[in-house]
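Take a look at the structure set out below.
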Amino acid sequence: MHAIETAFYGISLFLSFLAQKASASQGSQTVHIPLKKNSFLTTPDGLFNHSVFRFQHGRTLRKIESGLVALAAMESSDRKLNLIDGDLADVKNFGRLKRHSKTNRLFERSHEQRRRVESFLKRQGEHLTDQGDRMWTGIIEIGNPGQIFSIDFDTGSADLWVASSQCLSSACASKNRYDASASKSSALKDKTFSIKYGDGSSTSGPVYADKVELAGINVNRQFFASATVLSSSLGKAPTDGILGLAYPTISHLHAPSIVINAFKQRLLPKNLFAFNLGSMGGELYLGGVDSSKFSGSIETHPVTRKAYWQLGSAKVYMNEQRVGDQSIFETIIDSGTTIMYGPTSAVQDLYARINGSLYDEDQGLWKYPCEITPKISFSWDDGKHWEVNPERFSLGTTTEDPDSCIGAVSSQSLGLHKDTWLLGDSFMTCVYSVFDFGENTVGFATLN
């Protein structure tokens, strides 16, 4: 059923893209990009898909590792930010915000954390499958004339990259590939894009500036990587590339995202974007919010550090009981993963409040009786409790026991600080979320 629904939605997604392209006019305007999701941690018969989970978890580890490497390089040097008008800006200044001491420690890793992360990456490289890993996917064009690509829109990374026509390995065989020689507006930059991961794999290629069209607007001189080498995990993902929507301080290109560039080129009225994500499809809205998708006001919270979309002063509740006693957490909002990750002690406390829950060592996750309806919620700055739909908390039943469900909260380490949560789309599908570069805030509203 998932395959049929996904194929049908994919066709409608492409038809919507063509309709937007035909009706678009340049100038400052809000635009929406229809999205689809066809990576499911739950099989059509309701079972938890452990193979897809391992694939997604490995990808999330690599992504976080990549961002931390870029941030560390920025903070230890005088790197400059490549802006669209040719000027240079100090990336360090771009990334500075007043922050409390916990935020300063966000990216610290203990030796044991690094060992566990590196160990998993090496093991996971041996267990990769051809399971789909496409997340929230839309269509863009690059070049003149435009070359079409299927792209993951990811708030947990900051770079745009697609496969290159010069990539001749099997990793690129199924992908649409960027041909710089076929674009009249392509400009090769004097730099390269290169990321090395803990499992020994890498992704690299030359950097170009070219026209990028999405939702009918044309962003000129957008920096992106044309990957001639792809890691095995990225090669197995059925998308052609990734469009990162985080801050440029974690960019390996040292370049702002397409949203920032579109705003600077006066193509968008506001320097923000918003997500409305559903179980199958969703929408990315650029330059404003779609008020038809939510009710009431938007509750906004300040970003504590301009790297990931990171919020502080978070509290976690299970069945209205505070998790972690008096703990205040940092949180990262990430559309590029499904699972919600939390500190080990907090996650243990959370599941201790669900009668009958057990840690499943084979799965590396927690399971609980399916007859129970857990109610997990998050609040920031003592604001509203934003509840995760109980249906989104369950990732499916275990193979061994149809009465046991796998929970969507994991304590597996991502190498972040011990007080940090990462909230994927298990949370984001339950709220209307707004990411504002101009005000440096993330906002949540109640979905209609």
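Every residue, even glycine, has its Cβ placed from backbone N, Cα and C.
Caution: TrEMBL annotation is automatic and unverified by curators.
What TrEMBL says about this protein:
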type: ACT_SITE; residues: ASP154; note: active site
type: ACT_SITE; residues: ASP334; note: active site
type: DISULFID; residues: CYS167-CYS172; note: disulfide bond
type: DISULFID; residues: CYS370-CYS405; note: disulfide bond
type: DOMAIN; residues: 136-445; note: domain 'Peptidase A1'
type: SIGNAL; residues: 1-24; note: signal peptide
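A sphere of 10 angstroms centred on the C-beta of CYS167 (disulfide bond) encloses 21 other C-beta atoms. A gap of 27 Å separates the Cα atoms of ASP334 (active site) and CYS370 (disulfide bond). A gap of 23 Å separates the Cα atoms of CYS167 (disulfide bond) and ASP154 (active site). ASP154 (active site) and CYS370 (disulfide bond) have their C-alpha atoms 31 Å apart, to the nearest angstrom.
Counting other C-beta atoms within 10 Å of each candidate's C-beta, the disulfide-bonded residues CYS172, CYS370, CYS405 are led by CYS405.
Here the Cα atom of CYS370 (disulfide bond) is found 41 Å from that of CYS172 (disulfide bond). For the active-site residues ASP154, ASP334, counting C-beta atoms within 10 A of each C-beta gives the highest total at ASP334.
Cα to Cα, CYS405 (disulfide bond) and CYS172 (disulfide bond) are separated by 36 Å. Over the domain 'Peptidase A1' (136-445), the average per-residue pLDDT in this prediction is 93.
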